[in-house]
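Below: one structure, written as structure tokens.
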Amino acid sequence: MALKDTGSGGSTILPISEMVSASSSPGAPLAAAPGPCAPSPFPEVVELNVGGQVYVTKHSTLLSVPDSTLASMFSPSSPRGGARRRGDLPRDSRARFFIDRDGFLFRYVLDYLRDKQLALPEHFPEKERLLREAEFFQLTDLVKLLSPKVTKQNSLNDECCQSDLEDNVSQGSSDALLLRGAAAGAPSGSGAHGVSGVVGGGSAPDKRSGFLTLGYRGSYTTVRDNQADAKFRRVARIMVCGRIALAKEVFGDTLNESRDPDRQPEKYTSRFYLKFTYLEQAFDRLSEAGFHMVACNSSGTAAFVNQYRDDKIWSSYTEYIFFRPPQKIVSPKQEHEDRKRDKVTDKGSESGTSCNELSTSSCDSHSEASTPQDNPANTQQAAAHQPNTLTLDRPSRKAPVQWMPPPDKRRNSELFQSLISKSRETNLSKKKVCEKLSVEEEMKKCIQDFKKIHIPDCFPERKRQWQSELLQKYGL
């Protein structure tokens with residue numbers, strides 16, 4: 001900055017750009033009209049005040065993109081820049097050109113104007129706002145560079161740096177391999193078709209499946225010096241490694257994320273740990289979420305010579321690896337068919353059970369006069385049309401149904417009599433159990449039981465002294 005005398009005793013503050021232009025042409029006026037070979041009304045070094053942030057750049061840098069907003073503002077040949085001149089552009093109190101935009105994001109716009117390349121820091125959270133700034137300054141190529149990345153961020157809720165894209169590619173390939181392995185290991189049937197539909201259909205993989213690893217460094221500590229044998233497990237911290245979405249789903253608020261904050265849910269981390277130190281509590285949470293342990297390993301930690309203590313000797317590092325398989329994806333139509341099939345199986349098993357309870361007789365009605373010996377042709381025809389009878393044990397829904405050959409048929413009159421006799425016997429037994437004896441009857445029963453006790457007149461001689469003393473005491 002410098003002071004310029006106006007001749008009337010006052011002075012004005014000049015920016016660096018005015019000093020450069022004044023030193024290059026000291027005798028020329030500042031607002032001279034540009035002729036065909038007249039110099040540019042803008043200085044070679046331009047000072048900008050963008051949203052309170054001061055930037056100093058070359059005039060040629062602002063004109064590097066011809067169709068941009070900055071080129072139209074600072075180009076002397078454009079209607080906006082040449083006709084209005086630099087005196088018409090807004091300035092701040094220090095005579096710097098003022099642009100009312102985001103001053104923090106303008107540094108990336110200015111970097112792009114210098115070399116036409118976009119270099120953003122890792123985990124940059126302002127991509128959408130930077131896209132708006134690029135659209136305002138009419139930087140078409142910069143908009144094209146930012147648009148697919150913002151779309152990727154919106155669709156996957158992911159950051160689009162190069163390392164993040166590699167993480168997404170590796171994650172997608174691992175999910176595809178996982179689903180292929182599940183499809184190869186599944187038996188032929190509805191389960192295999194469900195998995196193959198997910199892999200071949202190109203739909204999104206199951207985000208609920210995946211691995212979680214728990215690791216901890218455990219040691220044993222003694223209670224007191226005189227109780228050296230009493231050692232107890234001591235766990236300083238339980239580390240959690242795996243996909244962030246799975247870890248948050250299982251552990252929730254008990255997960256400490258201070259060591260690796262601001263990570264997207266679909267990313268992986270190895271820096272989370274739990275707020276509690278009880279392994280069994282972590283196992284319970286994983287079991288409730290559907291995880292099961294697939295592998296574990298442990299190794300001892302070596303101690304230095306000068307730190308040869310019990311807590312260093314009795315220490316180890318252990319890892320437990322848990323896995324939750326992908327869930328079976330069933331269409332509504334297939335689910336409806338499975339329910340109908342299950343209902344039919346239940347009805348068949350119930351009818352088979354009822355037939356077996358009825359003395360394993362036939363469910364078809366026959367007249368009393370007809371017997372298997374009288375008409376063997378009718379018997380064979382009825383046996384051909386009658387389904388086999390189910391066993392008493394109700395089969396599971398997915399297990400094959402076991403059939404038994406039809407039993408010999410009896411007359412309905414005999415069946416009716418057997419049913420009546422059975423019902424009477426069950427009613428009598430229930431009544432006997434449900435009856436309660438009165439107090440008088442209980443006393444009579446006790447007296448009768450006491451009378452049944454038989455005391456011998458004489459007891460054999462006992463060799464032991466205490467036995468003979470006991471008999472003499474009671475005069476037996």
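Every residue gets a Cβ built from N, Cα and C, even glycine.
In Swiss-Prot, the entry for omega-N-methylarginine among Arg80, Arg91, Arg263 corresponds to Arg80.
According to Swiss-Prot, of the candidate residues Ser8, Ser77, Ser365, Ser413, the site noted as phosphoserine is Ser413. Residue with Swiss-Prot feature phosphoserine, selected from Ser78, Ser331: Ser78. Mapped onto DSSP helix, strand and coil, the domain 'BTB' (44-122) counts 28 helix, 16 strand, 35 coil. For the domain 'BTB' (44-122), the model's pLDDT averages out at 84.
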